[in-house]
2 protein chains.
Amino acid sequence: MRIVRTVAELRDATLAARTTGTGIALVPTMGALHEGHLSLVRAARAENALVVLSIFVNPTQFDDPSDLAAYPRTEQRDAELAGSAGADVIFAPSAAEMYPDGFATTVHVGGPLTATLEAAGRGTGHFDGVATIVSKLLLAALPDAAYFGMKDAQQVLVVRRMVRDLGIPCRIVACPTERDADGLALSSRNTRLTAEERERALAIPRVLRRVAEAIRIGAAGKAAAAAPSGDPAPTGAEPLADHGAFETARRRGLAELSAAGLDPEYLAIVDPEDLTPVDAPPAGGAVLVLAAARAGNTRLIDNVVVDTGTPVPR
Amino acid sequence: MRIVRTVAELRDATLAARTTGTGIALVPTMGALHEGHLSLVRAARAENALVVLSIFVNPTQFDDPSDLAAYPRTEQRDAELAGSAGADVIFAPSAAEMYPDGFATTVHVGGPLTATLEAAGRGTGHFDGVATIVSKLLLAALPDAAYFGMKDAQQVLVVRRMVRDLGIPCRIVACPTERDADGLALSSRNTRLTAEERERALAIPRVLRRVAEAIRIGAAGKAAAAAPSGDPAPTGAEPLADHGAFETARRRGLAELSAAGLDPEYLAIVDPEDLTPVDAPPAGGAVLVLAAARAGNTRLIDNVVVDTGTPVPR
């Protein structure tokens, strides 16, 4: 395994694989690797001849300098873990390599994807920082595919939009969120939690599961009501008022997060394509349920995709 | 010569040259080709195995809908001219191919390059439109080099900055402005000029030459004054007050443009690297003199680079 620091070295390290066209994968990370990152490396390894893992704690996507300063940096350990999981090249550039003097370019994704949720919580510049650094990493590594974790679901959507819009010749692969045995989504920030904060944080996946279940039941009810014919559901068989049910589940969830001692920022039930709020299960479609909450000083996010296309039988 | 309409077709048309690594050139244009564009094609032809010329009248870089509507569109003729000059592939996509439904991404170059001159005259979105479409064209064609005309000097600087900042693997080649025999810089907009407007428009290159001459004389005087030693110039030999001379030349030039019946927008003497105004000839450096003015309803721009490093002897 090779560690490179400059774009020129990275291009050199990927040249042979590019020439033979055997498949180059990029796994962009901010280091502090955990099993979630390693699952991305393994997915990349299974599908490509060369796997590049980048480690760059991107300053432009932090709105809070103390969050940036506190972000864990463990490069030596990261490189060993990534190598064990199958990475061939570690690209660990300096900030000056990525943002040299005079740097003046921003890649901005507009529209609904960046007008909500994490954009509100982390500052409007967050996704500009993400889109800009990801475009730079993709253009540096020129991979055939790049692997991202679904834990950062909104980030995946923003990156997909940016890659499609600019026409960067690369597939974006979204891999499932990895969780600890207790259900907490893996995150580099988890190391900052005290044992007590971690206990409280478990309310996040618990609430997401409950909201998902409420949505599944609502969707199943709707399907059952609509099943006999295309006619309106018979009086009395109306299983639930969808609008109220989604909003009720969402409010209950927020209350449960607060009751668990967390400081919830959002709990949202949205269209997984464009993040617009939905108040009824789409016919055969999926919904995305996302949450952000603070446990002490640590901000945590998580989400689940609820496929309402295969309703749960009642 | 082949005309392609989609990015997929363009990738297919450039695949062989990419695989053999013999050099791919892109000449981005908005069509209405003239000898200026063809000089770019010839420069590209001389240095590359495959020359792609793109024709796309980019709606996002026009702030004025009537300017967009009036922009000449002559694709058949353009394709023939480009082919004669040595283009192998014409990429002429639809607006829907470049900006499909849901398109939401903007490439923005900030800083001094986009805070002045054309940005003021054409709306703040102009260079966002330019940077976004050029990044898309570069990522579609994936050329080794792209050729731009120095007539749009500020555009060249913005594109260079964007390409360097994002790390798009492509050289940006700037070619000299082509002029008609009477000195007018070639532009697709010249066809809109009446004979009388065209006569007036000749004041633009004339004024640029005069300002350039004043700068050369100032630089030569400065060099002559400084030549004998590093001591201050002797009293009485002070050839001109640099500060006043640049500003005087600039104001006289503006007055001459107005006197010629043009509506001048700017006449600027700037650092050719970052477009900041200069009021003295840099030691051994170059300055860029740019002008924008309207002749009737037609907005024209032009510029000259003045190399003050080889002072004119007095």
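Using N, Cα and C of the backbone, Cβ positions are placed for all residues, glycine too.
Annotation source TrEMBL lists ATP binding site at A:30-37, A:149-152, A:186-189. Around the Cβ of A:HIS34 (ATP binding site), 17 further Cβ atoms fall within 10 Å across all displayed protein chains. Classification of A:HIS34 (ATP binding site) by DSSP places it in coil, neither helical nor stranded.
Marked as active site, proton donor by TrEMBL: A:HIS37. Annotation for A:HIS37 (active site, proton donor): spatial neighbours A:VAL27, A:THR29, A:LEU53, A:LEU81, A:ALA82, A:GLY149, criterion Cβ-Cβ under 8 Å with sequence separation of six or more.
Using a 10 Å radius centred on the Cβ of A:GLN61 (beta-alanine binding site) and all shown protein chains, the other Cβ atoms total 21. Among the features that TrEMBL reports, beta-alanine binding site is placed at A:GLN61.
Residues annotated as (R)-pantoate binding site in TrEMBL: A:GLN61, A:GLN155.
Secondary structure at A:GLY149 (ATP binding site), taken from DSSP and collapsed to helix, strand or coil, is strand. In this structure, the C-alpha atom of A:LYS151 (ATP binding site) lies 17 angstrom from that of A:GLN61 (beta-alanine binding site). Cα spacing between A:ALA32 (ATP binding site) and A:GLN61 (beta-alanine binding site): 16 Å, rounded to the nearest whole number. Under a cutoff of 8 A between CB atoms, and with a sequence separation of 6+ in the same chain, the neighbours of A:GLN155 ((R)-pantoate binding site) are A:GLU118, A:PHE127, A:VAL130, A:PHE148. In the three-state DSSP scheme, A:GLN61 (beta-alanine binding site) is classed as helix. A:HIS34 (ATP binding site) sits 20 Å from A:GLN61 (beta-alanine binding site), counting Cα to Cα. On the backbone, the CA of A:GLN61 (beta-alanine binding site) and the CA of A:MET30 (ATP binding site) stand 11 Å apart.
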